[in-house]
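Pulled from TrEMBL, these are the features on record:
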TRANSMEM  B:12-29  transmembrane segment
TRANSMEM  B:36-60  transmembrane segment
TRANSMEM  B:80-97  transmembrane segment
TRANSMEM  B:104-122  transmembrane segment
DOMAIN    B:124-418  domain 'NADH:quinone oxidoreductase/Mrp antiporter transmembrane'
TRANSMEM  B:161-183  transmembrane segment
TRANSMEM  B:203-226  transmembrane segment
TRANSMEM  B:271-290  transmembrane segment
TRANSMEM  B:297-315  transmembrane segment
TRANSMEM  B:321-343  transmembrane segment
TRANSMEM  B:368-390  transmembrane segment
TRANSMEM  B:396-423  transmembrane segment
Amino acid sequence: MIQLVSFYIFASIVIASAAMVIFARNPVHSVLWLIVAFFNAAGLMVLIGAEFIAMLLVIVYVGAVAVLFLFVVMMLDIDFAELRAGFVKNVPLGLLLAVVLAAELVLGIGAYQAGAVALGTPEAGAATVSAAVPNIEAIGGLLYSKYVFMFETAGLILLVAMVGAIVLTHRKSHGTRGQSISSQVQRRPEDATRNVNQPVGQGIEL
Amino acid sequence: MELNASLSLVRPEIILSFSALALLLLAAWKDQAGRLISILAVAALGAAAAFTASALGSGASAPAFDGLMVNDAFGNFSKLLIYIAAAVSLTIAPRFLEKAGAMRAEYPVLIVLSCIGMGIMVSATDLISLYIGLELQSLSAYVLASFVRSDGRSAEAGLKYFVLGGLASGMLLFGASLVYGFAGSTSFAAIGLAMDKEVGLGLIFGIVFILSGLAFKISAAPFHMWTPDVYEGAPTPVTAFFASAPKVAAIALLMRVVLEAFGSQVLVWQQIIIAVALMSIIIGAVGAIGQQNLKRLMAYSSINNVGFILIGLATGTEQGIAAMLVYLTIYVAMTLGGFVCLMQLKDKDGNYREEFADIAGLSKTRPALAAAFAIFMFSLAGIPPLFGFWGKLVVFNAAVAAGLLPLAVIGIAASVIGAFYYLKVVKVMYFDDAADVIADSDDKVLVWTGGILAAANSPLGYFAIPVLGVWTAVAAKALF
């Protein structure tokens, strides 16, 4: 019962916030609505027992993708009114796309009605997961045993991405003053200060 | 225990990973250490090559990581070729990059990282390891292409390569997901078993997409459009690298996928490979005719050569695979030699020249360079006394033995068209009036590398045939 109720709550919020993504006038609001949609989609995933995908949605989509969107939208000063200006001109193209999408929907529903596609069955040796193991644990078990080498290599790919980004964008500019830790540490009080017996009325020497 | 056994089978990759990390740290501590790190990177590649060679000598074949990868003679032979090609492209680079103001420590580090990816590619026996290896190699390659970022052409090459390479990866992944869905497994062996039973439309779609993605990576027509632009724009040592090591890796990967995963249904992919081979040969030959830039010319020559190599794959026989490996080995020597010669074309102000007009009458001013260049061109054209002829001969032999006579005949006809532009280079160098723009080369490394490669491509190369024949036969056996 509680599951049914939460399903309807999550599902209706997903649909409503997805509609708001389109209808919101302010692009920043659109992105915020998108984040709401992602959160509720994660709730739906928890309901069907896919905790891992739920966490992935929150961490990857909300934490990284949507926030990145937000940054892009806020940093690029896009005039959306200007973008919408060509609406009438682009109506035929938009209608054409709508027709194509509608046809795809009809085809998709037709294919669904026609019955399941015969997918391949895993060979006998494939690892079967017992229902008692939560799927995060099952994925972790595989990731750190069979796929450990691939997992580490994926780390190397990220390293390449990082090195690449630095190689292609980092510039040594001459105007900046970098920190030299060793000379900071080596500096003694007597290098930096001096004691002066200042006579009165003479003025100071800088 | 199982993990230890697996780790000992990927020893070359582990050596290279740790060296790459150590070199990166060294680069962070020491400024302007590009040359030192290049030397250390070559040493690391040498160590990895030594382990690979010892494994190749034992000839054993063992699966690692529960069937994700395999350590066999085929993979080890390809790895050896890749490491040598990468070491050569590291050795020839410093002068060129210093002139461009880009001899930074990341160049050797990225090449070593890309070699790890290529090592995984050639020993992958699972769609997951295939993709991880391919992506590690490609991502390093995108950065290398735009390494000289002050040069607009280099930046353009990197961007083009990145966008089109991303598209190809997408196609490959889409195909992989279809194959996984319809075969029920990502492992090559299990896909092979599933295909033994029946091949549905979904599976064929998947195969077509995987082959398209890989055809892009080996720059085979009709997925070759990026090649001339990227080869022209990338710094010449990087182009030499692109034309040799990654090509070996991607072709070896293609061979393993096609034979181990789809091997039970030869007819499904044979037509595709034949079509791609023919298109590459013809487009490579015809497209090169109008080129004025020598780097673009080499790009079309590499498309052309990939076509010839694919003829061996189209046979689907052990003889064909051995022939491909022979051709690949010779091709690496030819193309590296060609680029080493190109890099010696410097004018008196030290600027690099790469146009046809610059090499006019080169035989009068730089006879040795012109002779070496001529050897590589004749060898690429496959003209008999030179070593390049042998590669074409074994591939066509395999095609005829497998009953693909028409394919062999068209291939030979197209290689005659291709000979035209190779000979044009020789004609311009030997019979045109001297343009006298090319100065004496002051880079002894290039002179020596060029000399050694020219000797390997000269008829002297035939002394290598017994060794090469035995090794390629052992390597080809591992796939069947």
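Note that Cβ sites are derived from N, Cα and C of the backbone, with glycine treated the same way.
Nobody curates TrEMBL annotations by hand; they come from automatic prediction.
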When you scan the chain for residues with a C-beta under 8 Å from the transmembrane segment (B:396-423), skipping those not six or more beyond its ends, what do you find?
-> 274, 277-278, 281-282, 284-286, 288-289, 291, 297, 300-301, 304, 307-308, 311-312, 314-317, 319-320, 322-323, 377-378, 380-383
Recorded stretch that, among B:12-29, B:161-183, B:203-226, B:297-315, B:368-390, has the most CB pairs under 8 Å to the transmembrane segment (B:321-343) | B:368-390
Considering only Cβ pairs under 8 Å, which range in B:12-29, B:203-226, B:271-290, B:368-390 makes the most contacts with the transmembrane segment (B:36-60)?
-> B:12-29
When counting Cβ pairs under 8 Å to the transmembrane segment (B:203-226), the leader among B:12-29, B:271-290, B:297-315, B:368-390 | B:271-290
Intrachain residues whose Cβ lies under 8 Å of the transmembrane segment (B:368-390), provided they are six or more past its termini | 301, 305, 326, 330, 333-335, 337-338, 341, 344, 359, 362, 415, 418-419, 422-423, 425-426, 429-430, 438, 441, 450-451, 453-454, 456-459, 461-462, 465
